[in-house]
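Peer 1: Positions annotated as GTP binding site by TrEMBL: Gly11, Arg12, Pro13, Asn14, Val15, Gly16, Lys17, Ser18, Asn121, Lys122, Thr123, Asp124. TrEMBL lists 11-18 with the feature region 'G1'. The region 'G2' annotation in TrEMBL covers 37-41. Positions annotated as region 'G3' by TrEMBL: 58-61. Residues or ranges marked as region 'G4' in TrEMBL: 121-124.
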Amino acid sequence: MTRSGFVALAGRPNVGKSTLVNAMVGRKVAIVSDKPQTTRRAIRGVVTSADFQLVLTDLPGVQRPRDALTARMQKRVETELSEADAALFVVNGDQGIGGAGDRFIAEALSQANLPIVIAVNKTDRMNHTKTVKALVFVTEQLGLPDAEVFPISARTGKGVPALTEYLASLLPEGPFYFPPEDHSDQPEDVMLAELVREQVLLRTRQEVPHAVEVQVEEIEERDNLTTVRAIMWVETESQKGILIGHHGKMIKSIGTAARKEIERELADHVHLDLSVRVRRSWRADDALLDRLGIT
Ligand SMILES: Nc1nc2c(ncn2[C@@H]2O[C@H](COP(=O)(O)OP(=O)(O)OP(=O)(O)O)[C@@H](O)[C@H]2O)c(=O)[nH]1
């Protein structure tokens, strides 16, 4: 009999959730960057072995609603938790655990009535004493006394198989939800848009990364060439200027790098037609959020 089910990932921005999903799935499904709050959508990774299938929901950072975007994120968190079989709370062992952000999440999880597993991540940056201290703190101070705690490094993979096995043991018996060859349930246009956004995040700073949303308008396949038309939405003319860059250098660099990633994803030659458009305050614009598929 196989086991299958859903595990909701929670954790402050930047603790390494996306990296962990990639490590568990064994390939790149969620985009990774060093900018907080990369993940706006609940991206799923699917880990399939001979006897279990574990569907990971990479939750956006749990936070108090501030605008239409974060309010949607918060609602998504509650929905995902209510549909999950277990929750995986990732904390950054390398930096102080137990701040307001961690406590807010711990509180949300303690109300969810689910088995909770805590992964203390980034142990590759910690010595033995620091690791032990972090494990003791998490066990005793986070207000989740029944949670099972695992030290891991999402980056090196250390501790990840043991964590995966334990999570799998929490799943109910049942048939697989996805064909074993599937790794993600994201539609193709969203997947490709995220590959473009990843390149923007790697090249921009401060408010720009969070002001950019990418929309793939068209994917057209013809004669061994796939043409992808994408728009990078920003909120101000000056952000548009930054994304275009001096003599178009920035948009060229984003486009070249994103095209390579998209070619790898589609296993085809790709022409990427990339443009920048200004739409003031898209983050508060419900109609645009709907069109971008952020539910
Ligand atoms: N040293 C070390 N760095 C890590 C580890 N896991 C993640 N990182 C780094 O931490 C940063 C954030 O990782 P992400 O996976 O994007 O974090 P996240 O929690 O998904 O972030 P959001 O999606 O913004 O909430 C990246 O620079 C990663 O390379 C780890 O185990 N060790």
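In case you wondered, yes, glycine gets a Cβ from its N, Cα and C as well.
Context for these features, please: burial, neighbours, distances.
Peer 2: All chains included, 29 other C-beta atoms sit within 10 angstroms of the C-beta of Val15 (GTP binding site).
Residue counts for the region 'G1' (11-18) under DSSP, split into helix (H, G, I), strand (E, B) and coil, are 2 helix, 0 strand, 6 coil.
Computed over the region 'G3' (58-61), the whole-number mean pLDDT of the model equals 60.
Under 8 Å from some Cβ of the region 'G4' (121-124) lie the Cβ atoms of residues 15-16, 20, 90-94, 131, 151-156, 158-159, all in the same chain and six or more residues away from its ends.
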Peer 1: I need the most crowded of these binding-site residues: Asn121, Thr123. Count other C-beta atoms within 10 angstroms of each C-beta and give me the top one.
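Peer 2: Within the set of binding-site residues, the most crowded position is Asn121.
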Peer 1: List the helix, strand and coil residue totals of the region 'G4' (121-124) as derived from DSSP.
Peer 2: 2 helix, 1 strand, 1 coil
Peer 1: Just checking: which of the binding-site residues Pro13, Lys17, Asn121, Thr123 have a C-beta under 6 Å from ligand 1?
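Peer 2: Cβ under 6 Å from ligand 1: Pro13, Lys17, Asn121.
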